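Written below as structure tokens is the structure these notes are about.
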Amino acid sequence: WDETHFGKMGSYYINRTFFFDVHPPLGKMLIGLAGYLSGYDGTFPFQKPGDRYEQHNYVGMRGFCAFLGSCLVPFAYLIVLELSKSLPAALLAAFVLIFDTGCITLSQYILLDPILMFFLMGAVLSMVKCNSCADRPFSASWWFWLSLTGVNLAGAMGVKFVGLFVVLLVGLNTIYDLWDLLGNLSLSLVMFGKHLLARVLCLILLPLALYAAMFAVHFTVLNKSGPGDGFFSSAFQSQLIGNNLHNVSVPEHLAYGSVVTMKNLRMAGGYLHSHWHLYPEGIGARQQQVTAYLHKDLNNLWIIKKHDSDTADLSDPSSPVEFVRHGDIIRLEHKETSRNLHSHQHEAPLTRKHFQVTGYGINGTGDSSDFWRIEVVGRKAGKLIKVLRSQVRLTHVATGCILGSSGKTLPKWGWEQVEVTCTPYLKESPNSLWNFEDHINPKLPNISLDVLKPSFAEMLLESHMVMIRDNEVTSKPWHWPINYQGLRFSGVNETDYRVYLLGNPVIWWLNLVTIGLYLLIAVSTAVALKRGVQLTTELKELSRVVLRGGGQITLGWLLHYFPFFMMGRVLYFHHYFPAMLFSSMLTGITWDALLKFCAGFLSPSTTARKVYRGGFLTLVLLITYSFYLFHPLSYGMIGPMASDPSSPMAGLRWMDSWEF
């Protein structure tokens with residue numbers, strides 16, 4: 001399963017090979033580091049699930065993830081203990097995570113999830129520990145926990161962007177604390193300012209600095225050309241050893257008579273390309289095809305000419321150099337076929353309401369539909385155009401449409417290259433932006449591309465734009481809490497050794513029931529307190545735990561679950577696991593409070609204690625026995641599928657949607 005992705009990315013770090021991924025780099029860097037330190041040499045190909053590791057030392061990477069996954073149990077125990085001050089509540093939360101088949105499965109392979117959840121739970125633990133030091137602000141322990149919260153926030157964000165949810169949780173907790181301090185009239189405004197600055201330093205500036213540092217290490221380590229090059233701009237690629245743009249020298253500013261290649265800024269948008277083949281009958285005008293091609297090729301070369309005169313004289317070494325400027329009207333002549341880049345109001349081959357782009361004319365002689373206005377994003381008229389760095393837009397003078405790559409693959413008649421169109425919709429997007437990559441002009445001095453080297457800030461921004469742009473549902477969020485459907489980790493048939501990611505059904509359904517139960521208890525408690533119902537000291541403290549401690553955990557569950565309903569990307573079952581950690585902790589707090597409430601109404605105290613202990617023991621036995629039943633899901637099954645009555649797992653397929 002995903003070991004083929006994240007194990008391979010660990011190998012890329014060991015080999016220093018540049019790659020692209022939609023997630024920030026910390027998780028993969030740590031996997032690579034664990035492999036490197038444990039003797040893995042980065043040579044296993046990670047081609048498909050089920051491939052044998054043979055002599056390759058993969059144990060260090062799996063062991064690292066398993067260790068971080070194991071830490072979730074003590075983290076949950078300590079968080080619940082801090083919030084509830086109840087040992088049984090903390091133990092129950094720990095038991096729930098220890099005996100959940102889903103957490104075990106997700107933690108024992110080379111995946112990002114255990115690393116993400118480690119930092120997430122670390123941030124929550126640090127936050128509640130810092131809250132417990134509120135009575136001694138600016139003490140060593142207060143600074144330690146506040147700083148550690150910031151470190152863990154940076155870690156969570158550095159593994160996956162969903163780390164933003166725990167940032168939001170800590171942010172809301174901080175706002176609540178500051179609002180509370182503002183209402184404390186014994187606190188001077190100067191002291192309040194110190195509290196505010198401490199939180200800005202530890203919870204904003206420290207995480208941002210660490211997050212940027214991760215990318216600095218990422219860019220430094222991955223300095224060799226690799227499979228991720230094509231997703232990034234030409235200037236970015238020029239920094240990679242082995243890339244054809246590395247250490248190359250080209251003229252810096254565009255001039256008439258220059259021979260150039262143009263790269264579309266859309267991810268994998270390709271180079272502007274043409275060839276002798278014509279559009280087939282019935283596909284717009286039967287003129288020469290213009291496409292976007294993802295590879296280097298002589299058919300990507302174009303000559304920049306003035307719109308109103310021939311440029312033959314510009315090849316004369318004695319003629320003066322004339323630079324192309326923002327706002328100029330130009331022609332682009334295809335070097336190999338001598339046809340001009342052309343557009344007209346015929347419809348594009350694939351994209352409706354876009355205009356067709358063709359190669360037209362003979363030996364550079366065409367008509368007024370070959371004229372394009374060249375404009376640089378964010379520049380004023382008359383400014384020069386830089387190779388690699390300037391993002392340009394080509395507007396067709398006759399129709400007002402903009403040259404762009406649609407990203408759609410043409411049929412076999414178009415050699416399965418990418419469709420180029422002229423769009424009448426003037427919305428700014430990477431599809432309609434280009435930069436000049438190759439640049440040949442003997443009359444201009446060459447400069448090293450190091451002069452054009454992007455700054456760290458530009459590389460950081462570009463890598464984030466590419467990650468965000470690539471995030472695109474095989475699983476629906478409402479399926480997750482009910483454990484509706486799992487994920488095959490390995491093996492698909494009877495002879496395979498099968499591992500199936502599915503939460504322990506008893507635990508997951510107990511967690512689901514507990515959320516409803518908690519809301520009922522919390523509302524009842526809030527109403528009772530509002531109405532002035534007389535409560536014993538013990539029940540008052542229990543009410544505080546339910547409302548404050550349980551409320552924080554419930555907010556964490558909401559923040560880590562409901563945003564997925566609004567996401568327009570591919571979703572999987574494992575995306576629910578951070579939220580599941582919060583619902584498991586809520587189970588510990590809620591059932592402990594419920595049993596104590598029930599015991600509080602019983603007398604004598606021995607009966608109350610028996611009820612409380614009996615309820616607690618029943619829950620623990622139920623959780624333990626359910627793990628005994630479902631543990632093969634995590635540790636592997638072989639033999640008939642559960643849909644076969646002869647399978648030892650047949651009686652455990654409680655839902656038809658479970659495919660183990």
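The backbone N, Cα and C atoms fix where each Cβ goes, glycine too.
Bear in mind that TrEMBL entries carry predicted annotations, made automatically and left uncurated.
According to TrEMBL, the features are:
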type	residues	note
TRANSMEM	59-80	transmembrane segment
TRANSMEM	87-109	transmembrane segment
TRANSMEM	143-176	transmembrane segment
TRANSMEM	196-217	transmembrane segment
DOMAIN	251-307	domain 'MIR'
DOMAIN	321-377	domain 'MIR'
DOMAIN	382-439	domain 'MIR'
TRANSMEM	506-529	transmembrane segment
TRANSMEM	549-572	transmembrane segment
TRANSMEM	579-602	transmembrane segment
TRANSMEM	614-631	transmembrane segment
Limited to the domain 'MIR' (382-439), I'd like the whole-number average of pLDDT.
85
Against the transmembrane segment (87-109), which of these stretches has the most C-beta pairs under 8 Å: 143-176, 196-217, 506-529, 549-572, 579-602?
579-602
When only pairs 6 or more apart in sequence are counted, do the transmembrane segment (579-602) and the transmembrane segment (506-529) reach 3 or more Cβ pairs under 8 Å?
yes
Cβ under 8 Å to the transmembrane segment (196-217), counting only same-chain residues 6 or more beyond its ends: which ones?
24-26, 29, 138, 143, 146-147, 149-151, 153-155, 157-158, 167, 170-171, 174, 178, 456, 459-460, 463
Cβ contacts under 8 Å made by the transmembrane segment (549-572) with residues that lie 6+ beyond its boundaries:
83-84, 124, 128, 162, 165-166, 168-169, 172-173, 471-477, 480-481, 487, 515, 518-519, 522, 578-579, 582-583, 585-586, 589-590, 593
Helix, strand and coil totals (DSSP H, G, I; E, B; other) for the domain 'MIR' (251-307)
3 helix, 28 strand, 26 coil
Take the transmembrane segment (143-176) and find every residue of the same chain, 6 or more past its ends, with a Cβ under 8 Å from one of its Cβ atoms.
23-27, 112, 115-116, 118-120, 122-124, 126-127, 129-131, 133, 198-199, 202-204, 206-208, 210-211, 214, 467, 471, 552, 555-556, 559-560, 563, 575, 578
Per DSSP, the domain 'MIR' (321-377) contains 3 helix, 29 strand, 25 coil
Its residues classified by DSSP, the domain 'MIR' (382-439) shows 6 helix, 27 strand, 25 coil
